[in-house]
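Undergrad: Next up is a structure, given as structure tokens.
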Amino acid sequence: MVEMLPTVAVLVLAVSVVAKDNTTCDGPCGLRFRQNSQAGTRIVSGQSAQLGAWPWMVSLQIFTSHNSRRYHACGGSLLNSHWVLTAAHCFDNKKKVYDWRLVFGAQEIEYGRNKPVKEPQQERYVQKIVIHEKYNVVTEGNDIALLKITPPVTCGNFIGPCCLPHFKAGPPQIPHTCYVTGWGYIKEKAPRPSPVLMEARVDLIDLDLCNSTQWYNGRVTSTNVCAGYPEGKIDTCQGDSGGPLMCRDNVDSPFVVVGITSWGVGCARAKRPGVYTATWDYLDWIASKIGPNALHLIQPATPHPPTTRHPMVSFHPPSLRPPWYFQHLPSRPLYLRPLRPLLHRPSSTQTSSSLMPLLSPPTPAQPASFTIATQHMRHRTTLSFARRLQRLIEALKMRTYPMKHPSQYSGPRNYHYRFSTFEPLSNKPSEPFLHS
């Protein structure tokens with residue numbers, strides 16, 4: 001026994017060193033440990049993900065103190081050993097840290113479980129809930145939040161950090177096939193969330209198409225991403241809120257979380273894709289909360305250069321019409337979304353004198369390098385100005401025509417958050433969560 005003590009001491013020290021290294025979760029981000037050879041089809045009535053397929057996936061569970069049970073409500077993405085990224089609307093009704101538990105490394109979860117989790121799962125408490133300062137509970141604007149984990153989670157074979165976009169990467173290309181994951185409902189009116197983690201392939205959808213008359217009719221803002229299919233059938237649903245929308249450039253690239261599951265009309269309906277909070281618009285905010293160094297560790301080392309052929313948000317010149325020109329629709333829909341004016345590009349076939357460009361004298365020829373640099377600066381300046389103008393118009397419209405709270409409307413409402421409400425276990429199916 002005396003001879004074994006040094007060996008035991010060495011083993012204990014080695015384990016402690018490995019645990020210390022893993023606790024930081026500073027390893028490569030966005031890497032999958034396992035993946036399904038069938039490449040999952042959908043979350044709604046679809047394919048289950050394998051254990052370790054999405055190691056940054058987190059289950060946010062509501063904790064009931066009287067019976068110590070935990071009920072899955074939202075998803076989230078692990079940033080590092082201290083922070084989880086999720087949606088702000090998950091905390092509309094449960095704002096206290098002691099109302100929540102976090103489960104990492106899970107493929108299966110038990111709804112209403114009152115026993116400790118088993119390996120490789122890890123359960124943690126929430127130390128702090130950080131909701132975006134400009135989050136709007138009615139319009140769902142700035143639907144993003146961070147959770148401080150306590151004690152820090154340990155990364156390993158089934159738990160690892162996600163990647164976030166690089167500052168220089170810009171919006172992903174369209175068309176682009178991405179993935180969504182979650183434990184949400186597998187159909188629109190399911191009795192409770194899925195017990196197994198589901199994965200789905202979805203296509204990014206151009207924001208102008210998503211905002212067209214037959215789709216969301218301008219209710220998607222410039223800080224959102226639309227993903228799904230025109231015919232529906234594959235989509236996120238209640239209980240998937242806060243979970244990631246993930247894309248990668250090629251099979252050798254890490255997955256990057258480009259969106260946070262936010263809202264939608266129903267689940268898997270035609271021309272009603274899922275709407276996600278665009279993460280690249282909130283990188284500065286995330287860095288201000290978790291620290292710039294922590295953000296840098298989860299950004300890909302070689303960002304993909306932004307594209308101008310298929311931009312995520314199509315650029316349109318600012319309209320010459322004043323902000324008050326854009327009025328609300330005559331009949332307000334029963335589901336509430338922020339209204340964004342659709343700024344249309346004048347057609348190239350139009351020959352009206354009011355649209356003809358003014359003639360200007362020719363300018364002297366410039367070197368090629370100077371011309372390219374000037375065009376790049378003008379494009380960035382114009383795009384920035386257009387986005388600021390668009391957001392100003394949205395803000396003015398909200399002040400001039402304040403949106404009513406959903407409770408002030410009568411009749412059926414088919415707008416749903418992707419948040420799963422919890423109810424005590426019973427044989428009676430629960431209805432999808434309706435904000436009121």
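Each Cβ is built from the backbone N, Cα and C atoms, and glycine gets one as well.
Take a look at what Swiss-Prot says about it:
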{"type": "ACT_SITE", "residues": "H89", "note": "active site, charge relay system"}
{"type": "ACT_SITE", "residues": "D143", "note": "active site, charge relay system"}
{"type": "ACT_SITE", "residues": "S241", "note": "active site, charge relay system"}
{"type": "DISULFID", "residues": "C74-C90", "note": "disulfide bond"}
{"type": "DISULFID", "residues": "C178-C247", "note": "disulfide bond"}
{"type": "DISULFID", "residues": "C210-C226", "note": "disulfide bond"}
{"type": "DISULFID", "residues": "C237-C267", "note": "disulfide bond"}
{"type": "DOMAIN", "residues": "43-291", "note": "domain 'Peptidase S1'"}
{"type": "CARBOHYD", "residues": "N22", "note": "N-linked glycosylation site"}
{"type": "CARBOHYD", "residues": "N211", "note": "N-linked glycosylation site"}
{"type": "SIGNAL", "residues": "1-19", "note": "signal peptide"}
Undergrad: Compared by Cα position, which of the disulfide-bonded residues C226, C247, C267 is the closest one to D143 (active site, charge relay system)?
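TA: Result for D143 (active site, charge relay system): the nearest of the disulfide-bonded residues is C226.
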Undergrad: Given the disulfide-bonded residues C178, C226, C247, which one's Cα is the least distant from that of H89 (active site, charge relay system)?
TA: C226
Undergrad: Out of N211, S241, which of the recorded positions is least crowded by other Cβ atoms within 10 Å?
TA: N211
Undergrad: For S241 (active site, charge relay system) and C90 (disulfide bond), determine the Cα separation and express it in whole Å.
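TA: A Cα-Cα distance of 7 Å.
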Undergrad: How many Å lie between the Cα of C237 (disulfide bond) and the Cα of N211 (N-linked glycosylation site)?
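TA: Here the two Cα atoms lie 20 Å apart.
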Undergrad: Measure from the Cα of C178 (disulfide bond) to the Cα of every one of the recorded positions C74, C90, N211, C226, then give the nearest.
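TA: Sorting the recorded positions by distance from C178 (disulfide bond), the top entry is C226.
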Undergrad: What does the structure give for the C-alpha distance between C74 (disulfide bond) and C267 (disulfide bond)? Integer Å is fine.
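TA: That comes out at 16 Å between the alpha carbons.
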Undergrad: For C247 (disulfide bond), identify the closest of the disulfide-bonded residues C90, C226, C267, judging by Cα separation.
TA: C226
Undergrad: For D143 (active site, charge relay system), which DSSP three-state class applies?
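TA: DSSP call for D143 (active site, charge relay system): coil, neither helix nor strand.
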Undergrad: Tell me which of the recorded positions C210, N211, C267 ends up closest to C90 (disulfide bond) in space, Cα to Cα.
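TA: Closest by Cα distance to C90 (disulfide bond) among the recorded positions C210, N211, C267: C267.
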Undergrad: May I ask for the distance between C210 (disulfide bond) and C267 (disulfide bond), taken between their Cα atoms and rounded to an integer number of Å?
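TA: If we compare the Cα positions of C210 (disulfide bond) and C267 (disulfide bond), the gap is 15 Å.
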Undergrad: In sequence order, what residues of the same chain, 6+ apart, have a Cβ less than 8 Å from the Cβ of C226 (disulfide bond)?
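TA: L204, I205, D206, L207, L209, C210, Y216, V220, P273, G274, V275, Y276 - these are the non-local Cβ neighbours of C226 (disulfide bond), listed in sequence order.
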